Amino acid sequence: MQRSPLEKASVVSKLFFSWTRPILRKGYRQRLELSDIYQIPSVDSADNLSEKLEREWDRELASKKNPKLINALRRCFFWRFMFYGIFLYLGEVTKAVQPLLLGRIIASYDPDNKEERSIAIYLGIGLCLLFIVRTLLLHPAIFGLHHIGMQMRIAMFSLIYKKTLKLSSRVLDKISIGQLVSLLSNNLNKFDEGLALAHFVWIAPLQVALLMGLIWELLQASAFCGLGFLIVLALFQAGLGRMMMKYRDQRAGKISERLVITSEMIENIQSVKAYCWEEAMEKMIENLRQTELKLTRKAAYVRYFNSSAFFFSGFFVVFLSVLPYALIKGIILRKIFTTISFCIVLRMAVTRQFPWAVQTWYDSLGAINKIQDFLQKQEYKTLEYNLTTTEVVMENVTAFWEEGFGELFEKAKQNNNNRKTSNGDDSLFFSNFSLLGTPVLKDINFKIERGQLLAVAGSTGAGKTSLLMMIMGELEPSEGKIKHSGRISFCSQFSWIMPGTIKENIIFGVSYDEYRYRSVIKACQLEEDISKFAEKDNIVLGEGGITLSGGQRARISLARAVYKDADLYLLDSPFGYLDVLTEKEIFESCVCKLMANKTRILVTSKMEHLKKADKILILHEGSSYFYGTFSELQNLRPDFSSKLMGCDSFDQFSAERRNSILTETLRRFSLEGDAPVSWTETKKQSFKQTGEFGEKRKNSILNPINSIRKFSIVQKTPLQMNGIEEDSDEPLERRLSLVPDSEQGEAILPRISVISTGPTLQARRRQSVLNLMTHSVNQGQNIHRKTTASTRKVSLAPQANLTELDIYSRRLSQETGLEISEEINEEDLKECFFDDMESIPAVTTWNTYLRYITVHKSLIFVLIWCLVIFLAEVAASLVVLWLLGNTPLQDKGNSTHSRNNSYAVIITSTSSYYVFYIYVGVADTLLAMGFFRGLPLVHTLITVSKILHHKMLHSVLQAPMSTLNTLKAGGILNRFSKDIAILDDLLPLTIFDFIQLLLIVIGAIAVVAVLQPYIFVATVPVIVAFIMLRAYFLQTSQQLKQLESEGRSPIFTHLVTSLKGLWTLRAFGRQPYFETLFHKALNLHTANWFLYLSTLRWFQMRIEMIFVIFFIAVTFISILTTGEGEGRVGIILTLAMNIMSTLQWAVNSSIDVDSLMRSVSRVFKFIDMPTEGKPTKSTKPYKNGQLSKVMIIENSHVKKDYIWPSGGQMTVKDLTAKYTEGGNAILENISFSISPGQRVGLLGRTGSGKSTLLSAFLRLLNTEGEIQIDGVSWDSITLQQWRKAFGVIPQKVFIFSGTFRKNLDPYEQWSDQEIWKVADEVGLRSVIEQFPGKLDFVLVDGGCVLSHGHKQLMCLARSVLSKAKILLLDEPSAHLDPVAYQIIRRTLKQAFADCTVILCEHRIEAMLECQQFLVIEENKVRQYDSIQKLLNERSLFRQAISPSDRVKLFPHRNSSKCKSKPQIAALKEETEEEVQDTRL
């Protein structure tokens, strides 16, 4: 970044913002880059601001029992805030004084007041000086207040982030990631732009008092008629606002439902295509969209009338102020025009400035209170460890994740019992729990000596991870003692990769040791992977390591833990994503040899690992089932395998239910606090559905559980969670993106958090931060790929993983709205900022406007209709003004009249009443025409939005994966959330406002041109100057806004990344380093935002300067060229003031329209995406004249002989696959054939291309070559017909929000009897029957009430229903409990006995059932043989299979031993002094 010219700028340059000219010039000529942005001054750095506020907040905490954050903010920013407030007030006062001088100028033209004619020129100079002073006061004041707001936001951003890193895990379990993002985005952004309005809470009343005093001088008591009307108007607008909020609240649930389905579709787009569900998903989403649009139209109409009321209230304000006085005493034209000018200022103060200021204070204080509550939450406390001990001891330890479960329910019962009058659907109250206070660990005892290996085993949900968390201090024991050294290293179950290089991820801030580093790389089998990268271990890994395979991420995470020298290593299932051979080698070389002298606790379920362990601890439902050696285990616990694997009395479903349903229901209905909230608020927070969908949804909270752990639900009054919650005051459609995506360039949108299914949907779905930390990094990342496909790994679908801490058991899409890495290096930031924005120009093109107008034919006619009505309004205005300027004037001739009454007066005799009759008639006509002329426009623009949404949805569903792979899920979802919200809500009203303002300006210019042609001549160059200035500024401002939006994403990405790796961060003590990274991300955003604010103020000030010059010209032209007659001068000067203020507004509105039209550009870009599918060759009918057999794939009534595929024979010839057109080949020249009914196993190391091959079979990639099924080539039939030949069970199970029936049969092709029959076959009937409604039970949030095994069975049922002859299975047993795995094996043998099965699997026992094996190495087929031949040769399969398995297969063979591995000596321990910086 460059040094800012602001540092050396003069006072004049700072006052007029001239120091921004270099960046404006550069932005106009070329595209701006990050390197062009100026560095921020030190006073704006996050380090300084956060330190300042943190110091004051600590002081507040120390000095008071009830600390207030607002006091800390006041001590930091109050005096500067008030300083600029005074300047703002003085600027507003000049607006009130201007009409006085205008009145004097008009009065000087009265024929009876010729002595003042000589001073008219001086009055004109004074009026112009007032405009100059106002400009010089207002703009620096507004900029200063924006600057203070920015500093407050930065300081609180930092404070919140630092607090987040200190929060206890129990607190994190109760806070959703959506709440945190809302806290940082929704609430804090109120300070950025709202602070300038805050002063109007006291300025506006003073302004009104001053104006009413001045108007009283003119009109006496009748002045209050106009004020009364304005107050009534403000109340009317408030009523309309409440009505609009009611419609928006109703609409919120519909938008939520649509975005839930849309987000699930986007995250699982590969599965949608594999199942051929494109049409079903499109129909489902469009049905929800129809309901949503009905409410959208109602809200838009109300908002339209609200906006129109302000535009057309001016007639009545002036009319009601003037009419009573005129009827009683008569009135002079000077008073009319002066009153008009006063009323313009008064209307703005009463109906806009004061309500906005009150709302700003309300929102800001609410935000401060939420942040204050958050900052006072319980912090993580490191346990007091004995640093001299060498052993690890637990004595009678018991722990709860939920602190005081029993107390929580007792409190809930008490609160509900106190509300005996409540009934109905208000909330849910739980009773009859046998789960009260269930500990996650109970009475745990063990002791291991230094250098020993403890293997911790147990079924899913037994408490293995909780045990490690307790040792780390994340989970505090409620009873018992823990003793060990504080030098801990930790490897999480789900690998966490921070943005940075591979080397940085492994070293992780520990001092670099070349020998140690190389030894760890070798032991973790990373040498070969690193050698494939051009940059070796210096390759920059993006967000979450998305360019790496799951196995590569797991090995890097393990290497990080091993590299740190510690006394105790905690390894939580580190081998979950590794193939059998790699796992075996790493366990031997790394865990057993490299770390031989270290104390290790390994969570595992592998028998080979238990045999090698010094001690074994088996957990069952939180209790210690066994502790001892392996030999003791065999003697004392012969049934240990059932407890270990979960095949006996352990209920997999109930364990998951304990951790997901109970906690989720607690979160959903927030039974922690006391404050009652309305049902609508509860509905917003709980993501509850409405209508028929919602009625079913009520039942979905229940869970089929075994009889021991049932609970009942009673309807009671709701409770609300204390502390932070989602901003229920913010209408949903204004929250439609968690974080603006990197393309966003809106100049007018408040930067608030809005739904995007990443954290936005999470905000609605109450995804806890603890769940975020314990969830698979693979989730949702299949679409999150960069363009460089060479290092990309695709699986058939990303994996879904569950742990005992998976509190909500919901799919997680945190990446969808957070697209940019927080890496700080500027060059790396360019990499991370990649998005599809390059093809969207900085300024919206005319082609986009033309295309938008022609989307709906009616829009052109509506625009013509608006123009016709406008011409009628101009004609009516001319009539009124002609009457005012040319009314016959009479002199009452009474010498006793006051001086005011000696002026020319509009006499109120009967002969002159016609003036007011005509005025009222014209005003009513204009009001009626103005009110209704925009309705057809708003209605038609919403229809255009509906059409564009439909086209975009269709395009995304039909787009090839090669195109979707280059897009980020967040970018796609933002099109459907934020951009569609803009098209629905903001764009129609903004276009209406712009057209309205433009027509007002044109009409006023037309009137002035008739009255004074000289002024028209002066107007033309001014308008030209405005247009040129707008074009000049727009080029730079949109680019700066773009960069600012991009700079915002790393902030939120860094927050989510930090939360995902929080346990690792704390274990390694890297919080200060990540705070530094966060501050750098904040500083980067600040540099862009500050520059944008500065250039915006430069533009606004230049507009004001042009206006001042124009007004000076108009004033002197009218004074020098007008002869007698005050009417003409009054009209000209009043209209001149209105023309320029309205023209300024129109120019700003045009910038807003251009910004919003960028959303339209992005939507068009998605609509223009290519569609997938190659042109098919023509197929010839059979000899009997029937249609081609490939056309009757779905027809169950056709004779079996004609159904395709009939056998499942598959021939692959020279198959080559690529992720993108023209990219590197990821599979090359694959050729083999499969006989009907044969089972083929895919073998290969992690990342070799096994899952990619399955994707290629489904034509999800760019492919070359040919595949035939039963003699039919894939080129001869459509894509849909080809994919329907396959049944698919992907890695990541796709369960969308809907009923069981919809999930199994979305096209509604099968009867209930057939569905139940299949459910019986796959073992799902007993599960489905336990739910209310059975097949009609609504699954939500990725099927959170189902275990992972049940979800896999759902996929199996889909394949059985599809009658597919070829079944593709991609890691079906990954993270499955053995019960579900055995059901899948049995179903495969029975239901798919005659089908061709292609299996990609890591479990040896599953692979042994295959007849043929396809071995893939380096993207090519190395072997394709039977199991006998592979065992005879030195193959991967032979190395992977254990001798015992070989004996089981072929007892008559002697299993040969594997090649000995190179010895790796254990690392010597480092001294105490060398590891001080890594200690907790």
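Here the Cβ of each residue, glycine as well, is placed from N, Cα and C on the backbone.
The compositional bias 'Acidic residues' feature in Swiss-Prot is assigned to 1470-1480.
Here Swiss-Prot flags 81-365 as domain 'ABC transmembrane type-1 1', drawing on sequence analysis.
For 1210-1443, the entry in Swiss-Prot reads domain 'ABC transporter 2'.
The feature N-linked glycosylation site is assigned by Swiss-Prot to Asn894 (among others).
Per Swiss-Prot, the feature N-linked glycosylation site maps to Asn900 (among others).
With a 10 A radius on its CB, Ser549 (phosphoserine) counts 22 other CB atoms from all the protein chains. Marked as phosphoserine by Swiss-Prot on the basis of similarity to another entry: Ser549 (among others).
Residues or ranges marked as phosphoserine by Swiss-Prot: Ser660 (among others).
What Swiss-Prot lists as phosphoserine is Ser670 (among others).
If you look up Swiss-Prot, you'll see Ser686 (among others) marked as phosphoserine.
Summarising the annotation, Swiss-Prot assigns phosphoserine to Ser700 (among others) and lists similarity to another entry as the type of evidence.
Taken from Swiss-Prot, the feature phosphoserine covers Ser712 (among others), and the record attributes it to similarity to another entry.
As annotated by Swiss-Prot, phosphothreonine applies to Thr717.
According to Swiss-Prot, the phosphoserine annotation covers Ser753 (among others), on the basis of similarity to another entry.
Annotation comment: Swiss-Prot describes Ser768 (among others) as phosphoserine.
Under the heading phosphoserine, Swiss-Prot lists Ser790 (among others), citing similarity to another entry as support.
If you look up Swiss-Prot, you'll see Ser795 (among others) marked as phosphoserine.
In terms of DSSP helix, strand and coil, the topological domain 'Cytoplasmic' (147-195) has 44 helix, 2 strand, 3 coil. Confidence over the topological domain 'Extracellular' (880-918), given as mean pLDDT on the 0 to 100 scale, stands at 45. The DSSP breakdown of the topological domain 'Cytoplasmic' (244-298), given as helix, strand and coil counts, is 52 helix, 0 strand, 3 coil. Ser549 (phosphoserine) carries neither a helix nor a strand DSSP state and counts as coil.
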